[in-house]
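Per TrEMBL, these features apply:
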BINDING   13, 46, 66, 76, 77, 170, 203, 221, 222, 231, 232  substrate binding site
ACT_SITE  75  active site
ACT_SITE  75  active site, proton donor
ACT_SITE  230  active site, proton acceptor
Ligand SMILES: N[C@H](CCC[C@H](N)C(=O)O)C(=O)O
């Protein structure tokens, strides 16, 4: 099957975007993996599908697949690219749209400076909804909140890490590190992603607090590995930092791929994320038939 795609990136988190507003392509996990493959396909961290409104008051549906082919609930950098995509292809004339995802409705808005701000909805702290299994663990008080001590690996060199656990519609485990450049992202990322206490796996954040309004962040993403930026990861990291008493309500997040600005005022309030959304190129590609 030959399909048309648009390659986009938000702070270096890159995407293959598919216009499925006039009918779904019916791709399976293997075909999503092919599109994401950086040698045999186009190459991307996630595949984003733009689909028609599923209900009155909603403009579009937004379907997200990780590079490993699995469908996931939310993608923040992708939401900004979604907004640029529907505007550039005249699928809407609105400056802001309401978009249905697996985890709820988000609202990206095009800014005058070309950056995009997304209302990502409120963070979720109910562990069962992350999901995270705390059985046998005691929360470790920190600031006004707490972290959880996870044992990583079983070999002699196994480490204990302290993670803040929350959901932005997708699961996040955030740890504070002294220096993101030397943080053990490659070693610990996979162990955290696949830790048995996260039955749906988890995105592993490594946050360095520079001051109360600036952090540096690296994320080993569920189903994609380390990406140059993770939008929901930046939201989760800032929310965790605010709850741990380390950050103010508006924070600049320096990722390896660019700058994101996150705002969150308090429990129940939505998280606002602002950042770039760039169209890199368009193309078409022959996708192998379903396996
Ligand atoms: N890997 C994530 C999905 C993509 C999130 C990230 N690319 C973002 O910008 O939020 C997960 O499995 O939950």
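From the backbone N, Cα and C atoms, a Cβ is placed for every residue, glycine too.
TrEMBL: automatically predicted annotations, no manual curation.
This view paints the features noted in TrEMBL onto the structure.
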residue: 13; record: substrate binding site; Cβ contacts under 8 Å, 6 or more apart: 45, 46, 77, 78, 227, 228, 229, 230, 231, 257
residue: 66; record: substrate binding site; Cβ contacts under 8 Å, 6 or more apart: 36, 45, 46, 72, 221, 222, 223, 224
residue: 75; record: active site; Cβ contacts under 8 Å, 6 or more apart: 46, 48, 64, 170, 231, 232
residue: 203; record: substrate binding site; Cβ contacts under 8 Å, 6 or more apart: 170, 171, 172, 173, 193, 219, 220, 221, 222, 230, 232, 233, 236
Notebook entry, point to check: Which residue, of the binding-site residues 77, 232, has its CB surrounded by the fewest other CB atoms within 10 A?
Noted result: 232
Checklist line | Secondary structure at the residue listed as 'active site, proton acceptor', reduced by DSSP to three states | finding: coil
